[in-house]
């Protein structure tokens, strides 16, 4: 008999039912569970797959460049970034009638096109690209890098080039190379690109390979570097009347500390950005020389950890045993990496709009909204993944003997206290926030809006004032003109920063009031509840009060009836599954808040947000209902318009989302009976019964159905909001 799918598990391959297919897909990437796996092969497979991942990323970015160069309007956009709409790619659709062709032919294109809301035009423009030829060159280069990555992945699967386990577990060498090589050298290289290509480009000078060695990035060349007069590189910066991409008002400085934004582009000064990357490079190049490898100098991480024993023995044996625990657990390492990456992705969402780095992106409102929402959702999925792999670590890799009385064991010892405190915080936030909102709703409904409970966020306003925002009247730190903090920065970055923070045309430290106070606490409720579910899932992964022996049941055991007191909703997977719903809800509140506040700011009617955001009906009526009118008008009796695709996606998103409930609120027996009936009918229907299948059809398991339901819920939720966000923003601001 030929080998059946899945080849990596002979046990599953023998399964006579359709379970074989679903379980095979589910465990395809769980290398640890495959037949004949060894620790060495596990590490080698993961390592090789990283190169495949890189190849896909480079191919994808190459495709972005290629399609914009081929079908976009980059050169026209460069001439007038504020009024030309950037084109992502052409649309070829045989179903388009004349009205659709007319609706989607825009941005100076000859046929139907998609508008780009990703910010790539602004990014490419800022870093010095100017022509379609530049874009094609970039696409070809990335295609080449993609091919190199694929070859490297294949190479590292060949016996001669397979690294050993000891190589993968050499933590110090890996840290040194990643810190110095990945962050240090790449930041230094990026500084070089900004100084040699992007900054001259912003001043109207076109630097390419043919004149790269002839154009001095700074009139004095490397002289100031070698004579120690580094301040010369900061002298004569671009003036406030500088036109980006033009020599008019341009200076000669390359590394500055101006603070604030370029008045025309509303983005950070390019010379400040170059300075920042140089500083990052310097720090990481040093950091990558700190750990002990073959040369016998520097820190040994194991020694560092074992020296960490708090005084008075208040944390037991401190960090003893942690080095081997972490170094021998891929799931622990992945959990740490995902947690870090999740936080950084959320920070990217925050900083892309509050401190925009790319020229003119701040004036492209739809792109700002899309990028913020995109990065917050990505961050949510990555962060929940961190806890999932933390739970798998406890089940598969945690050894109580190795970690006796250290900080990890003590976390498990007092998990009840951690979980109950989180529970209390979530309940407190939930009841109080909902109570305030509902009280305000009732007051509005009874026509007495003056009886609302409106709380000024004075602590947050004080923090904003400390950073230099003067409108609240707190005379503190940077908003006080006679303090030491103010005087220290007065000659360098402070004037630019204070100008930016007190100007109303950007998103830096937005003015906040009672509506912000309430939604902030609603978001805090979501964050704490999501964290509660995730933390409980990880800390109870090996055993809980109800079921102290979860280790041999694994990560995703299903509901198993009341025999052992019931195992429903107590596997680590169940906690992850529930947490994702909370994560999506929380990010829903975050993005609603961000978007509503910003559209009222951009439209100049910020009082609408301030007045309507203090009660739930305000959110439902003045944000969701009011802004979905464009969507509902994508198709109307007069034909269609360019929002019709978003109107369709809005409907389709709701459909996918609602389909999720068919899998979530259901009984397995019902589906099994339905399947048996369908199979019976099929076998007795002429013609149809010529088609046979080898596997007996069985209903999805409880865990599988939940996964399918969760996937539909998530995808539908995100599709629906993406369509709403893009249509309502682009419908208002063109």
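Heads up, the Cβ atoms here are built off N, Cα and C, so glycines get one too.
If you draw a 10 Å sphere around the CB of residue 559 ([4Fe-4S] cluster binding site), it holds 17 other CB atoms from the protein chains shown. The annotation [4Fe-4S] cluster binding site is assigned in Swiss-Prot to 559, 568.
In the three-state DSSP reading, residue 654 (chlorophyll a B1 binding site) counts as helix. The feature chlorophyll a B1 binding site is assigned by Swiss-Prot to 654.
The annotation chlorophyll a B3 binding site is assigned in Swiss-Prot to 662, 670. In sequence order, the list of same-chain residues 6 or more apart from residue 670 (chlorophyll a B3 binding site) whose Cβ falls under 8 Å from its Cβ is empty.
Residue 671 (phylloquinone binding site) falls within a helical segment according to DSSP. A simple way to gauge crowding: the CB of residue 671 (phylloquinone binding site) has 16 other CB atoms within 10 angstroms, across all the protein chains here. Feature annotation from Swiss-Prot assigns phylloquinone binding site to 671; the stated evidence is sequence analysis.
What Swiss-Prot lists as transmembrane segment is 46-69 (among others).
Per Swiss-Prot, transmembrane segment is recorded for 135-158 (among others), and the stated evidence type is sequence analysis.
According to Swiss-Prot, the transmembrane segment annotation covers 175-199 (among others). Under 8 Å from some Cβ of the transmembrane segment (175-199) lie the Cβ atoms of residues 126-128, 207, 212, 215, 217-218, 254-255, 270-271, 273-274, 277-278, 280-281, 283-285, 287-291, 293, 301, all in the same chain and six or more residues away from its ends.
Annotated transmembrane segment per Swiss-Prot: 273-291 (among others), in sequence order, evidence recorded as sequence analysis.
Taken from Swiss-Prot, the feature transmembrane segment covers 330-353 (among others), and the record attributes it to sequence analysis.
As annotated by Swiss-Prot, transmembrane segment applies to 369-395 (among others).
Under the heading transmembrane segment, Swiss-Prot lists 417-439 (among others). Within the chain carrying the transmembrane segment (417-439), a Cβ under 8 angstroms from the stretch's Cβ atoms is held by residues 411, 452-453, 455, 518, 521-522, 524-525, 528-529, 531-532, 535-536, 539, 614-616, all 6 or more beyond its ends.
Annotation source Swiss-Prot lists transmembrane segment at 517-535 (among others).
Sequence annotations record features per position, and here Swiss-Prot assigns transmembrane segment to 575-596 (among others). Beyond the transmembrane segment (575-596), the same-chain residues lying 6 or more positions past its ends with a Cβ under 8 Å from any Cβ of the stretch are 353, 369, 372-373, 376-377, 380-381, 383-384, 387-388, 391, 516, 519, 522-523, 526-527, 529-530, 533-534, 536-538, 540, 569, 609, 613, 619, 623-624, 627, 706-707, 710, 713-714, 717-718, 721, 725, 728-729.
Residues or ranges marked as transmembrane segment by Swiss-Prot on the basis of sequence analysis: 643-665 (among others).
The annotation transmembrane segment is assigned in Swiss-Prot to 707-727 (among others).
Note: the Cα of residue 559 ([4Fe-4S] cluster binding site) and the Cα of residue 662 (chlorophyll a B3 binding site) are spaced 18 Å from each other. In this chain, the transmembrane segment (369-395) lies close to the transmembrane segment (707-727): three or more C-beta pairs between them fall below 8 angstroms, excluding pairs fewer than 6 positions apart.
The two recorded residues, residue 654 (chlorophyll a B1 binding site) and residue 568 ([4Fe-4S] cluster binding site), show a Cα separation of 29 Å. For residue 568 ([4Fe-4S] cluster binding site), the count of additional Cβ atoms within 10 Å of its Cβ stands at 12 [all protein chains shown]. Across the structure, residue 662 (chlorophyll a B3 binding site) and residue 568 ([4Fe-4S] cluster binding site) place their CA atoms 19 angstrom apart. Each residue contributes its Cα atom, and for residue 568 ([4Fe-4S] cluster binding site) and residue 671 (phylloquinone binding site) those atoms are 19 Å apart.
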